[in-house]
Amino acid sequence: MFACRTLCLVVVMVASLGTSGVGGRSVEGVSRMEKLLSSSISPSSTPLGFLSQDHSVNKRQVFDQACKGVYDRNLFKKLNRVCEDCYNLYRKPFIVTTCRENCYSNRVFRQCLDDLLLSDVIDEYVSNVQMVGK
């Protein structure tokens with residue numbers, strides 16, 4: 001009796017989560033990100049484009065040396081975290097490199113903010129990008 005009640009409770013909870021809009025990735029989000037990345041002109045928009053660049057991408061490197069703004073390690077970590085979370089959401093390796101391009105001042109970074117449901121703090125991230133940017 002107790003096992004049946006627990007099973008029924010789990011089924012009801014899963015069903016309610018499925019109908020409430022709470023969930024992981026959406027097909028709409030994936031297609032929107034793929035469309036955004038495919039419209040990019042840069043060579044790193046291809047899945048293996050980051051391998052053809054002249055410099056290697058160091059996983060531990062927190063900041064982009066091309067960014068001429070304020071150097072704040074915590075600020076770079078915060079911006080980089082958005083790109084890493086976006087990669088974890090879509091599992092496409094080129095998202096991380098494309099998201100970091102131009103000192104995070106690009107459409108992919110903005111799309112990642114939207115897809116990670118950070119639109120309520122987007123102004124804070126925009127000002128952070130301007131601080132580290134060129």
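Using the three backbone atoms N, Cα and C, a Cβ is placed for every residue, glycine included.
Among the candidates Cys67, Cys86, the disulfide partner that Swiss-Prot records for Cys112 is Cys86. Per Swiss-Prot, Cys67 makes its disulfide bond with Cys103 among Cys4, Cys8, Cys103.
When you go through Gln53, Gln61 in Swiss-Prot, the residue listed as pyrrolidone carboxylic acid is Gln61.
Looking at Phe63, Phe94, Phe109, Swiss-Prot tags one of them with D-phenylalanine, and that residue is Phe63. For Val132 (valine amide), the disulfide-bonded residues whose C-alpha atoms fall inside a 10 Å radius of its own C-alpha are Cys103, out of Cys83, Cys99, Cys103, Cys112. When the disulfide-bonded residues Cys67, Cys103, Cys112 are screened for a Cα within 10 A of the Cα of Cys83 (disulfide bond), the ones that qualify are Cys112.
Per-site Cβ counts within 10 Å over the disulfide-bonded residues Cys83, Cys86, Cys103, Cys112 peak at Cys112.
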